[in-house]
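All remarks here apply to the structure that follows.
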Amino acid sequence: MNHIFETTVAGRTLKGEFGKLGMLSDCALNISYGDTVVLVNVNASPEPKEGIDFFPLSIEYQERLYAVGKIPGGFIKREGRPSDKAILNARAIDRPLRPLFPKGYRNDVQVVCTVVSVDQDNLPNILAMNGASLALCLSSIPFTIPVGTVSVGLIDGEFIINPTSKQREESILDLTVCATKDRVMMIEAGGEEIPEDVMYDAIMFGFEECKKIADFQQKVMEQYGKQKAELILHEIDADIEKEVREFAFDMVKEAMYITDKDSRNKAMDEVKEKVSEEFDEKYPDNLGDIGEAIYKMQKEVVRNMILNEKRRPDGRYFDEIRPLSSEVSLLPRTHGSGLFTRGLTQVMSVATLGSISEGQVLDGIEEETSKRYMHHYNFPSYSVGEVRPLRGPNRREIGHGALAEKAIEPLIPSEQEFPYAIRVVSEVLSSNGSTSQASVCGSTLALLDAGVPMKRPAAGIAMGLVTSEDLEKEEILTDIQGLEDFFGDMDFKVAGTEKGITAIQVDTKIKGLSNDCIKKAITNARKARLTILEVINNCIDKPREEVSKYAPKVFTMSINPSKIKDVIGAGGKTINKIIDETGVKIDIKEDGSVFVTAEDYESGKKALAMIDGYSREVKEGEVYLGKVTKIANFGAFVEILPGKEGLVHISKLDVKRVNKVEDVVSVGDEILVKVTEIDSMGRVNLSRKDAIKDSENNQDKDTEK
């Protein structure tokens, strides 16, 4: 049976249809908002997956180009691997949903969000997030806590829910909020140095709208939802857990209280070895339970240490940052480099400057755009002392790179101020938590070292949270390390400048965050950020005055847009000639802005002169130094500007009578000529005679003076 339900969000209809499409899926939901439509299919395996200690949830976000009436480019003509943006959207859908599944649920669950129609005013990723939650609620899968999602913009001090395409261009904030009826589950934001109080108010503004959407989903689930399948939860064998606990708890506690990471890990390895010797032969079919028992003890010790003893595993105060250091100009041949170290987390960032044309073109289901600033993040296995094959970037690396890019992008100078494409690569050399935020700091160092005139330096920090089972007690931690992230309840990343926030990413392992927790995390993050910025400023307090001698030189000029065709020439003949003769790269914008990228000053200036020549208007009455290109019986043809020739009639070659053109000029001679006429057909008539007379008159005037 087909069911249709709808509500209104920000003055537009949010509509769902369930039961018509995808009949063999557990739930296939067709959800629309304006003319944007996403088909969400959810399915789960009938039995739990054996031999794993995590919940196997898979979120896929698929963009179909037919959604915007496009045919894929390239030879194959079909969609390939997901774009980076699709991967980021899938990760964003995963984060608020995963904590709301029952603990111990081990069935494979797959959520596939296929974007099938898009209008640019209504974002498909926001619709997909709402659709994924609603589809899970309607299915037989044991998911019963709806999540509402909205985007929030900020224009002239006013918050806007789900801004349209035009409003998004004007907005200084791009905020996504996901929440249940009770608590915020996920936050993702990018902004132009948003003050902390304004950011908090924006989150709360979005939260109120999320509550309404979650309430709508709850009512739809109660009216149309399938009966939930019988819940099979993985539970550790109670007897084995008791035995392992009695044998090892004191050893685990002693090991976890060691403040040095390497010593603590070594001590825990010894504990695990003793437990293995004691129980592996006794319970050969329950090795997973034995490992889980050890994990639960570690988690209990760490959380009790923080909540009840008010201390952290490494001995720091709750608001204390690990030791910091910064360094620049590490690599002699790169355009800019920076090394940022926070405790055992260390990131080296390297900046490269290129021509405007080397920016990245973004062509997908949204309007085609390009970006000048790119950030890529690499997390090799050696950064955690492990051995793994080196592959291409995984979803986590793409996500962390995008977050650090979002944090820096609002601070990059405009194309007119700094006409370069910029790429920063952050290499994680050592990881003990918060590498994405260390990448923000490393990027700042590298950009300043490269001479990029950033608006202000930026830094990032990760805040953590530990709560009691009843959520009554909670402690917020500044600058979480790996152990606190692993056993904690929240990863609250905040990046920005001394003026305000440029990026936030928040996810949680519990059923949401209290408003007080969000406010305190944002406030404490600012204090930590200012401390880090002080360290960065002590290392390099302003951009280098000049770019590296190894960086390309960029020259700019403006030409009349109507002359662009003259500079390019038929089939690109003219512009290719300039490139061949000078070895430069040339980018011309529709408004007539010209960017010339050269390896040295001389070739850049030569290219500018040639472009100026091709784009200049020939004017009557002006005198030019031209080159004779051809001789005829009736006169000489002279090139006065690149690609622009005129005729000097034999009668105009000299002040005295000329019988033969060759008596006065030869091909290749440079002569002064005056433009006497541009006829109705655009032909240019020149006179050497008039140019000579003008020159003599000017000399006479100078003599009189």
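The backbone N, Cα and C atoms fix where each Cβ goes, and this holds for glycine too.
Swiss-Prot lists Asp485, Asp491 with the feature Mg(2+) binding site. A sphere of 10 angstroms centred on the C-beta of Asp491 (Mg(2+) binding site) encloses 21 other C-beta atoms.
Counting residues per DSSP class in helix, strand and coil order gives 32 helix, 16 strand, 12 coil for the domain 'KH' (552-611). Feature annotation from Swiss-Prot assigns domain 'KH' to 552-611.
Residues annotated as domain 'S1 motif' in Swiss-Prot, with sequence analysis given as evidence: 621-689.
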Averaging the per-residue pLDDT over the domain 'S1 motif' (621-689), what integer do you get? 90
Any idea what DSSP makes of Asp491 (Mg(2+) binding site), helix, strand or coil? strand
Counts by DSSP class (helix H/G/I, strand E/B, coil) across the domain 'S1 motif' (621-689): 8 helix, 36 strand, 25 coil
Near Asp485 (Mg(2+) binding site), which residues of its chain come within a Cβ-Cβ distance under 8 Å, counting only those 6 or more away in sequence? Gly433, Ser434, Ala462, Gly464, Asp491
